[in-house]
Each structure stands twice: as structure tokens, then as C-alpha cells.
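All remarks here apply to the structure that follows.
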Amino acid sequence: MSTSPLSVVILAAGKGTRMYSDLPKVLHPLAGKPMVQHVIDSALTLGARQVHLVYGHGGDLLKAHLSGQPLNWVLQAQQLGTGHAMQQAAPDFSDDEDILMLYGDVPLISAATLQRLIAAKPQGGIGLLTVKLDDPSGYGRIVRHHDRVVGIVEHKDASEAQRRINEINTGILVANGVDLKRWLARLDNNNAQGEFYITDIIAMAHQEGRQIAAVHPERLSEVEGVNNRLQLSALERAYQQQQAQRLLLAGVMLTDPARFDLRGELVHGRDVVIDTNVIIEGKVTLGNRVHIGSGCVLKDCQIADDSVISPYTVIEGARLAQACTVGPFARLRPGACLDAEAHVGNFVEMKKAHLGRGSKAGHLSYLGDAEIGAGVNIGAGTITCNYDGANKHQTVIGDDVFVGSDSQLVAPVTVGRGATIAAGTTVTKNVGDGELVLSRVKQVQLSGWERPVKKK
């Protein structure tokens with residue numbers, strides 16, 4: 001078992017021609033984040049002291065998307081094979097560290113599998129991740145002698161006998177820095193592809209009497225790469241299936257696990273129920289007995305115990321206290337905050353707005369930059385007019401206020417505790433405690449009036 005410090009090399013120089021995209025292949029998202037970010041996260045989970053990212057095509061885009069990551073950027077100007085890519089990073093290797101080689105387009109490799117691989121690496125030898133396939137066509141074959149790994153032969157260079165081998169190379173390996181640099185310096189491109197194969201170091205290690213330990217991943221999907229969108233979609237489904245199984249086993253009821261997408265992190269309590277076609281992004285926290293209806297999208301939000309989110313509601317950057325009810329077809333934008341037992345109904349939008357305990361906004365309203373007290377009724381069609389064309393302004397509504405339907409509150413404005421706003425009122429001035437305010441046009445009734453008749 002190796003106790004050396006660890007650095008990681010991630011190969012990400014490929015163009016991804018078969019993706020038919022202007023975006024570098026490794027930046028295509030899986031579960032809401034770039035494929036290569038999944039690999040970086042696994043590397044950092046292992047405690048890597050340095051992560052070298054070998055890049056080529058789309059370097060500017062890669063650096064823009066990954067600007068906040070602790071990476072050592074290594075340019076591979078020409079893509080001449082995996083061995084060539086590692087040669088570009090080799091000057092940065094320390095003699096006393098282990099080097100783990102990963103791929104930016106193999107996104108589901110788990111930290112647990114990599115930890116087993118690192119632990120299995122013999123002193124002075126190589127840890128190699130391999131897998132057995134029913135159809136190994138196109139992959140490098142693992143060559144063994146008396147059950148010991150002695151080499152890897154690429155498919156195009158393999159003999160007929162070697163092509164019958166079903167154990168294949170995943171490309172993921174770990175070796176000590178001083179050994180790896182020596183082997184990389186001896187690589188040549190005398191093969192059918194005219195490339196420098198990293199796999200040639202296996203035979204070199206065997207010739208030196210070094211041991212090669214083969215380890216298998218927990219799941220085949222961990223070592224499956226992406227060359228086209230079909231493969232990417234298959235890995236997306238594999239990932240989502242894993243997440244759904246994990247949540248079900250942890251007590252979350254997913255009505256249909258095949259129709260659930262987790263694109264971030266879900267923290268949950270007991271007896272949570274999530275209906276079909278729900279998407280969770282960022283970090284979402286659901287308390288005990290929370291029910292999420294079909295078709296909801298939740299992003300970076302907190303929903304406390306006994307709350308019910310009805311179908312087709314979108315919640316982002318919001319906080320909901322206990323026993324809130326929201327939706328259907330509601331939208332809570334960043335900064336929305338609901339106190340306990342508050343209700344937001346269909347076609348209501350909130351942004352940077354606080355709705356007090358037991359307050360209700362049942363229908364067809366916009367509440368933006370608003371501070372709303374407890375026990376308030378917001379009538380259908382109420383609008384807080386928060387934008388004057390240049391700046392946003394706040395509306396403050398005290399406790400126990402009744403706002404009639406089709407009212408507009410032109411901010412900045414304050415409505416005092418217990419006030420009543422009559423239906424159809426436009427509030428432009430502050431309203432005192434307990435006051436009634438109404439600004440309707442006087443009703444006029446004309447007897448004997450007839451509608452115009454269309455001219456023929």
C-alpha cells in the first residue's frame with residue numbers, strides 16, 4: 001500500500017469532434033456541471049496536492065469555465081497520444097509522489113474506486129484499473145502471463161489471439177513520479193497509430209521486474225468515456241439512477257426514480273415525498289414530511305418541515321419555514337422568504353420579498369422587494385411596483401393588512417398594521433395603521449346605452 005503524497009493528471013486536450021459542438025467535449029454538462037468538474041472533484045476528494053490539467057482544444061473556454069479551480073494548466077499543443085500528454089506534464093512531477101492519471105471525459109469515476117486503486121499499487125510498481133467486457137472491440141487488451149499483468153496491447157496492434165482477451169484497459173493508472181518520468185522518457189511511436197501510448201509503460205515495468213496490480217471498478221459506468229451525445233445521455237441516466245437508488249435507500253420516496261434529476265446536493269429529513277419529473281439543482285434542503293409535487297424545479301433553497309410544494313413550481317434561492325404551501329405554478333426567486341404557514345398560490349411570483357407567518361398571496365400577483373407582515377391577505381392581481389425605470393424600491397406591509405384584488409402598491413410605500421386596501425386601488429402614499437384606502441374611479445351607470453353595431 002502506497003503512503004506517498006498524491007498528484008493527479010487529468011487529460012482534457014481532445015476536441016470532441018463527434019459532439020458536433022463549439023464547446024470543448026469535457027465542458028459538456030453531466031448532472032448540471034461539466035464532465036471534467038466531476039473528475040476534478042474526485043481528485044480533490046482524494047486529497048491531491050496538485051491537479052495537472054492537460055489541455056489543447058478550447059483552452060480559453062476551459063480556463064474561463066474552471067477559473068476558480070486549483071489547477072496546474074499544462075498545454076498539449078499537438079495531440080500525439082496519451083503518453084505524449086503525460087510527457088507534457090512530467091516536468092512537474094516530484095520523485096517522491098504518486099501520480100494518478102485520469103480523463104476529463106470519464107466523469108463518473110468514483111473516489112472510492114480510486115482509493116482502492118491507490119492502495120493496491122505495489123511499491124515501485126503500477127496500479128491499473130481494468131474491466132472485463134462481453135465485447136472488448138476497440139479497447140486495449142490486458143496481457144497476462146501466469147495471471148500476472150505483463151503488458152497492454154492496443155486493439156489495432158493486437159493479434160487475433162490477443163483480440164479474444166476480454167479484460168481491457170480503462171486508461172486509469174497510478175505510479176510513482178520517479179518511475180513514471182523514466183518510463184515516459186523511453187516511449188516511442190512505433191505503432192499503427194503513430195502515437196505515444198501510455199500503455200507501453202506496463203511492459204517496461206514488467207521488464208524491470210516491477211509488479212502491476214489490476215483493480216476493477218465498482219460499476220462499469222465509472223470507466224465509460226464520452227465521445228458523443230448518445231454516450232453522454234447514457235451516463236447521465238446511469239448517474240441519476242445511482243442518485244435515485246441512494247435516496248430511496250435513505251428514506252426519500254421518489255414516486256418514479258426514472259423521472260427524477262439531481263444536479264447538485266439534496267439534504268433531507270424523514271418521510272420526504274418527491275413526485276415525478278422533479279429537478280433539483282445546487283444545494284437543496286428539505287425538512288421532515290416535505291412533499292414536492294410533479295414537475296417542480298428546486299435550486300439552492302431550504303424548505304422546512306411539513307411544507308407542501310404543488311406541481312410545476314419553481315423555487316430558487318428561497319427559504320421556507322414550517323408548514324408553508326406553495327403553488328401550483330408559483331415562482332419564488334432569490335431572496336424570497338416565507339415564514340411558517342405562509343401560502344403562495346398559483347401564478348404568484350416573489351423576489352427579494354418576505355411573507356410573514358400565516359400570510360397568503362393566493363393568485364396572480366407579483367411581490368418584489370417587499371416586507372410583508374403576519375396574517376396579511378394579498379388579493380388576486382396585486383402588484384408591488386418596485387421599479388421606477390432606474391432603481392428598485394421597497395414596499396412595507398404591516399401585520400393583519402387586507403389588500404384587495406387588482407391593487408398596485410407603488411414603491412417606496414408603507415402600509416400600516418391592520419390597514420385595508422380596497423380592490424382596484426393604486427397606493428402611492430403611505431397608509432396609516434387601521435386606515436382604509438381606496439382610489440377607484442367613481443362608478444358611472446348609463447341607462448338605455450346600446451353597444452355599437454358592426455358596419456356591414
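A Cβ is built for glycine as well, from the same backbone N, Cα and C atoms used for every other residue.
Site annotation (Swiss-Prot): acetyl-CoA is bound by Ala380, Asn386, Tyr387, Ser405, Ala423, and the candidate from Arg417, Arg440 recorded at this site is Arg440. For the region 'Linker' (230-250), the residues of the chain that approach it from at least six positions outside its boundaries are 19, 28, 30-31, 35, 107-108, 219, 221, 224, 257-258, 260-262, 266, 268, judged by C-beta separation under 8 angstroms.
Neighbour counts of Cβ atoms within 10 Å were compared across the binding-site residues Asn227, Asn377, Ser405; the minimum falls on Asn227. Note on the recorded positions Gly14, Gly81, Gly104, His363, Asn386: the fewest other CB atoms within 10 A surround the CB of His363. Candidate binding-site residues: Asn227, Ala380, Asn386, Ala423. Nearest to Arg333 (UDP-N-acetyl-alpha-D-glucosamine binding site) by Cα distance: Asn386. Here the Cα atom of Tyr387 (acetyl-CoA binding site) is found 21 Å from that of His363 (active site, proton acceptor).
Cβ neighbour count for Tyr387 (acetyl-CoA binding site) (all protein chains, 10 Å cutoff from its Cβ): 12.
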